[in-house]
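Asks: After the structure tokens below, expect a handful of questions from me.
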Amino acid sequence: MKVAVVGATGMVGEVMLKVLAERNFPITELIPVASERSVGKTITYKENDYTVVGLETAVSMKPDIALFSAGGDTSLEWAPKFAEAGTTVVDNSSAWRMDPTKKLVVPEINANVLTKEDKIIANPNCSTIQLVMALNPLHKKYNMKRVVVSTYQSVSGTGVKAVRQLENEIAGIEGEMAYPYPIGRNALPHCDVFLENGYTKEEMKLAREPQKIMDDRSFSVSATAVRIPTAGGHSESVNVEFENDFDLAEVRQLLSDTPGVVVQDDLANNSYPMPIYAHDKDDVFVGRIRRDESQPNTLNMWIVADNLRKGAATNTIQIAEYLVENNLV
Ligand SMILES: NC(=O)c1ccc[n+]([C@@H]2O[C@H](COP(=O)([O-])OP(=O)(O)OC[C@H]3O[C@@H](n4cnc5c(N)ncnc54)[C@H](OP(=O)(O)O)[C@@H]3O)[C@@H](O)[C@H]2O)c1
């Protein structure tokens, strides 16, 4: 496969290159792409050096697959140009996720919806991916009615600028701000932009994307998204009300049996999911599994994943692997 990585110099792009190498994705030609600022720079993949090219050049090289992580505006403008050239685009931005003509895919849940005709495929929001990985098996068994999720999201979810802001604050250096306030020793109830309904765009992604991925509108999601000063790894406190009652041991078993999900829930040994533990891992970790004693058929749990891996790069590459394995590119 001739593979373009659009946004190769960014946080997600770098992890994308690492994951492609780790999983030995069948690449015959790698095309690293970034903004004009980075054209001519060198990136290393599997110990070989590659020169970063611009978008125009990359389209003219007609890659089989383009893995996009270069922001929504770049995707809106350039994904259709790649698609027109015959390239299949897997996009990490929010540009196409809720477009009814585009598929929104977490391979463990709905890869089967993909066809050869899908030329632009959307990768869900990082917080959504880890949420649905845990919800899907439970919904199938107990039928969810309502989910209330509060996130504790790392600065790497915002990109390189935000990671630099945190590092500068720790080092006592005054620098460019990615957020309207300091993030060190702080918690910002403000991920992405505010919308007219008082929610942030991130919160509405969490509310809408699960229904599309799970192809089910019978449940609803209410979200509060908070940015905290962790470098990498998103955490979520999740409260789920089901139609049917559940058995806690069975819930743990269902989650343990789900590929890509690891139950980490041994209170006697202080074992529960944490960002420092999930770092650089592809799995979604679930712990603190307990009954909500305030109302019937309701469960509380704590979900953590590496937002740059399963939340972005790994999920994108799993989609690309599915396309290759099923001759869809
Ligand atoms: N961080 C996460 O956890 C996460 C998770 C899921 C999805 N995403 C999405 O992935 C995308 C990238 O996020 P990130 O965190 O990797 O951001 P980032 O670290 O800021 O990197 C952005 C990348 O996009 C490139 N880029 C920016 N403007 C461009 C343009 N006009 N033309 C071509 N390339 C351009 C940059 O190139 P230069 O280096 O040349 O500027 C860089 O390679 C965003 O859409 C984000 O929403 C991020």
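Using the three backbone atoms N, Cα and C, a Cβ is placed for every residue, glycine included.
Any TrEMBL annotation is an automated prediction that lacks curation.
Keep in mind that this is a model prediction, so the values were computed, not measured.
Positions annotated as domain 'Semialdehyde dehydrogenase NAD-binding' by TrEMBL: 2-117. What TrEMBL lists as NADP(+) binding site is THR9, GLY10, MET11, VAL12, ARG37, SER38, SER156, GLY157, ASN307. What TrEMBL records for ARG97 is phosphate binding site. The active site, acyl-thioester intermediate annotation in TrEMBL covers CYS126. Per TrEMBL, the feature substrate binding site maps to GLN153, ARG227. Feature annotation from TrEMBL assigns active site, proton acceptor to HIS234.
Looking at the shown structure, can you explain where the listed features end up?
Replies: Across all of the domain 'Semialdehyde dehydrogenase NAD-binding' (2-117), the predicted model scores a mean pLDDT of 97.
A C-beta separation below 8 Å, combined with a sequence spacing of at least six in one chain, links ARG37 (NADP(+) binding site) to none of the other residues.
Cβ neighbours within 10 Å of ARG97 (phosphate binding site), excluding its own Cβ and spanning all shown chains: 22.
Look at CYS126 (active site, acyl-thioester intermediate): DSSP puts it in a helix.
Secondary structure at ARG227 (substrate binding site), taken from DSSP and collapsed to helix, strand or coil, is strand. Within 10 Å of the Cβ of ARG227 (substrate binding site) there are 26 other Cβ atoms, across all protein chains.
Sequence-distant neighbours of HIS234 (active site, proton acceptor) (same chain, six or more apart, CB under 8 Å from its CB) are CYS126, SER127, GLN130, THR151, TYR152, GLN153, SER154, GLY157, PRO275, VAL304, ALA305, ASN307, GLY311, listed in sequence order.
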Asks: Cα-Cα separation of SER156 (NADP(+) binding site) and ARG227 (substrate binding site), in Å?
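Replies: With the alpha carbons as reference points, the distance is 10 Å.
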Asks: Who sits close to THR9 (NADP(+) binding site): which same-chain residues at least 6 apart have their Cβ under 8 Å from its Cβ?
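Replies: Sequence-distant Cβ neighbours: PRO32, ALA34, SER38, LYS41, ILE43, VAL52.
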Asks: To the nearest Å, how far is the Cα of MET11 (NADP(+) binding site) from the Cα of ARG97 (phosphate binding site)?
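Replies: Counting only the Cα atoms, the answer is 20 Å.
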Asks: Just to be sure I understand the contacts, which recorded positions have a Cβ under 6 angstroms from any atom of ligand 1? Candidates are THR9, MET11, ARG37, CYS126, GLN153, ASN307.
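Replies: The recorded positions passing the 6 Å Cβ test are THR9, MET11, ARG37, CYS126, ASN307.
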Asks: Assuming the binding residues for NADP(+) are exactly those in the record, THR9, GLY10, MET11, VAL12, ARG37, SER38, SER156, GLY157, ASN307, what is the maximum CA-CA distance in angstrom, rounded?
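Replies: Largest Cα to Cα distance for the NADP(+)-binding set is 26 Å.
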